[in-house]
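**Q** Per TrEMBL, domain 'Tryptophan synthase beta chain-like PALP' is recorded for 23-300. For LYS47, the entry in TrEMBL reads N6-(pyridoxal phosphate)lysine. Residues annotated as active site, nucleophile in TrEMBL: SER74.
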Amino acid sequence: MHAAPSLLEPQPPSPLTEVADERLDAHGVRLLLKRDDLVHPDLPGNKFRKLRLNLTAAVQARHDTLLTFGGAYSNHLRAVAAAGRLLGLRTVGVVRGEELADRPLNPSLSVAAADGMRLDFVDRATYRRKAEPEVLAALLARHGRAYVLPEGGSNAAAALGCADLGRELRGAADVVAVPCGTGGTLAGLAAGLEGGPGECAEAVGFPVLRGGAFLAADVARLQQEAFGGRRGRWRLDDRFHHGGFARTSQDLEEFASDFHRRHGLDPERVYVAKMLHGVLTLAAEGAFPPGTRVAAVVTG
Ligand SMILES: *Cc1c(COP(=O)(O)O)cnc(C)c1O
């Protein structure tokens, strides 16, 4: 077995690089890119932060299987499949939509399958009930004893792992922007920012899903479970989902290719481009006082 122990170890801080953008200069705002896409070579971005302590717990409890949940385009499923391959653990992905079982795998699921993940396609009604004890028991009966990670991988261990991200940014920024799916990254980031020199930076989460009415409650619950209560300063701005998960808009495409031209970084479209679009829009609206240092977390 070729273990990849570095998946279980904290990594050196990911790079923080300032970029010059005349649209921000006009408002006296500085932009720093927190390159979490470079945090680990095999498991980049927030998926490394979210999985590290979960993988440690799974290995310590002598699990040989990881079981988790996701939609057909889930980065989380892919990350768990890669982690399983690197650590010599079996992986099971429970995928929403039984109709997908009869179709060719999309590129995302193909990568997961190539990493050895066993895919179990379930109908949407069952998928919705996946956290209920009977549904979970049936899955474990089918696949054997397993360390279970929730959809998107957001649990207390994930939020604790993401607190490292906040710690790395202490004192370096006044506002930290992060895209949100399930909110685990924001929960940990905001907690980790607290306790540095000067005033605690505010974390601003940009949901990429539509109808994120429950997201604030989810973030608060994750902070409660991981840290025992609300931590740090954070809020959500839900205006930048561009139609919903994995949807895009002409606006977003134009913004992203322009950002690529200006800064040499082609932003990942599902999460990162939406967050950056939010940051530039807020700056244009005058939301940041002159002198504000905004760190944008490139999560993938
Ligand atoms: C999974 C993912 C997110 C969402 O993280 P949450 O903790 O679910 O909010 C953000 N960015 C990228 C690139 C991701 O893959």
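Using N, Cα and C of the backbone, Cβ positions are placed for all residues, glycine too.
Keep in mind that this is a model prediction, so the values were computed, not measured.
Looking at the shown structure, what environment does each listed feature sit in?
**A** DSSP assigns LYS47 (N6-(pyridoxal phosphate)lysine) to a helix in the three-state reduction.
On its own chain, SER74 (active site, nucleophile) has SER108, GLU151, GLY152 as residues at least 6 apart in sequence with a Cβ closer than 8 Å to its own Cβ.
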**Q** Among all the protein chains here, how many other CB atoms are within 10 A of the CB of LYS47 (N6-(pyridoxal phosphate)lysine)?
**A** 25
**Q** Please compute the mean pLDDT of the model over the domain 'Tryptophan synthase beta chain-like PALP' (23-300).
**A** 96
**Q** Is SER74 (active site, nucleophile) helix, strand or coil when read with DSSP?
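**A** The three-state answer is coil.
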